[in-house]
Amino acid sequence: MLSQQLVNAAVLGSMYALIAVGFTLYFGVLNLINLAHGAIYMIGAFVALSAFRWGQKFELPLPVLLILVSIIAVVFSGLIGMIVEKIAVKPLRRAPPLVFLITSIAVYLVLEEMVLLFYPDGGNPQVFPDPFGQKTFAIGTTIVGYVQVFLVSVAVLSIATLHLIITRTELGRAIRAVTADATGALMMGIDVDGTISRTFFIGSGLAALGGIMEGMNFGAVMFNMGFIAAIKGFTAAVIGGLGNVYGALVGGYLLGLMEVFTSAYVPSGSAYKNIITFGVLILCLVFRPNGLLSRP
């Protein structure tokens, strides 16, 4: 059923949109591609998993547990993102893009291996608890899981909060100014370094939410889950237009639609969904490098 696939696409697209926003925020303030972002996505999922296991020992009420887990994962991942920015990004801002790209891959690998120190069996799927116990309800012939409603609601709330930050706050104005002209923003008295650091906190926090969503939606997480997530998040950002937050959101949901429809309506389509992702990335870079909503 079409409606069933649209529900699935909404969840998958939300995951891609949240990680894509980080890529586009970083590109906006730095004009660089940060592939270490995928590791933050993975770290958010594992921190949430640890927090879930800890919280269940105290038999906390479900709403309290969900809020607590999300806050812990977002804040921890945001701080990791800020540390990465201070250690590996700030010293290389004026380095050739290739140098930064290679460094970001190295940082990704370091973070990935660090997770294995705490989860030695992280190479195997780690069961991620479903706080809703796989409960569902029906809208006509469409079956919707409680967890799906929760995940899409969290994504919408996060996107709305990001919109308010970008458009209504001093930090948002600073981010837009640095994105438009970092040198000019510095001359106008804007704390460019602080703005970039806080941008990494926001992007990393959103990536953590994406990682939590993957864990809840698929019921498991792995230490190498960040690589494919990074590629798909980057693809979504390219589709929408690197540097454009709203373009990243559009790209994320479009990519989710393409993958779900390919899996549902193409024979053996689930085997080709990653091929679709890489194919779309290549086509966008060749024919529409500025994306559907190019950066203003």
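Including glycine, each Cβ sits where the backbone N, Cα and C put it.
Whatever TrEMBL says is automated annotation, not expert-curated.
For 6-28 (among others), the entry in TrEMBL reads transmembrane segment.
Per TrEMBL, transmembrane segment is recorded for 35-54 (among others). Outside the transmembrane segment (35-54), and at least 6 residues removed from its termini, the chain residues within Cβ reach (under 8 Å) are 19, 22-23, 26, 65, 68-70, 72-74, 76-77, 80-81, 84, 88, 101, 104-105, 107-108, 111-112, 115, 118-119, 122, 126, 128-129, 131, 203-204, 207-212, 214-215, 221, 223-227, 229-231, 233-234.
The transmembrane segment annotation in TrEMBL covers 60-84 (among others). Through the fold, the transmembrane segment (60-84) approaches residues 36, 40, 43-45, 47-48, 51-52, 107, 111, 131-132, 150, 154, 197-198, 200-205, 207-209, 211-212 of its own chain, all at least 6 residues removed from its boundaries and within a Cβ separation under 8 Å.
Sequence-distant contacts of the transmembrane segment (96-119) (same chain, six or more residues past either end, CB-CB distance under 8 Å): 31-40, 42-43, 46, 50, 80, 84, 88-89, 126, 223-224, 226-227, 230. The transmembrane segment annotation in TrEMBL covers 96-119 (among others).
Feature annotation from TrEMBL assigns transmembrane segment to 139-166 (among others). Within its own chain, the transmembrane segment (139-166) is flanked in space by residues 1, 3-4, 7-8, 10-11, 14-15, 17-18, 21, 66, 70, 130-132, 172, 175-176, 202, 206, 209, 213, 216-217, 245, 249, which lie at least six positions past its ends and keep a Cβ under 8 Å from the stretch.
What TrEMBL lists as transmembrane segment is 234-255 (among others). If you look at the transmembrane segment (234-255), the same-chain residues 6 or more away from its ends with a CB under 8 A from one of its CBs are 9-10, 13-21, 23-25, 27-28, 33, 35, 159, 162, 166, 179, 277-278, 280-281, 284-285, 289-296.
The feature transmembrane segment is assigned by TrEMBL to 275-293 (among others). Remote same-chain partners of the transmembrane segment (275-293), defined as residues 6 or more beyond its termini with a Cβ less than 8 Å from a stretch Cβ, comprise 231-232, 234-235, 237-242, 244, 246-247, 250-251, 255, 258-259, 262.
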Quiz item: In terms of Cβ proximity under 8 Å, which residues at least six beyond the ends of the transmembrane segment (6-28) contact it?
Solution: 34, 37-38, 40-41, 142, 144, 148, 151-152, 154-156, 158-159, 162, 175, 178-179, 199-200, 202-204, 206-207, 209-210, 213-214, 217, 229-230, 232-234, 236-237, 240-245, 247-249, 251-257, 259-261, 264, 295
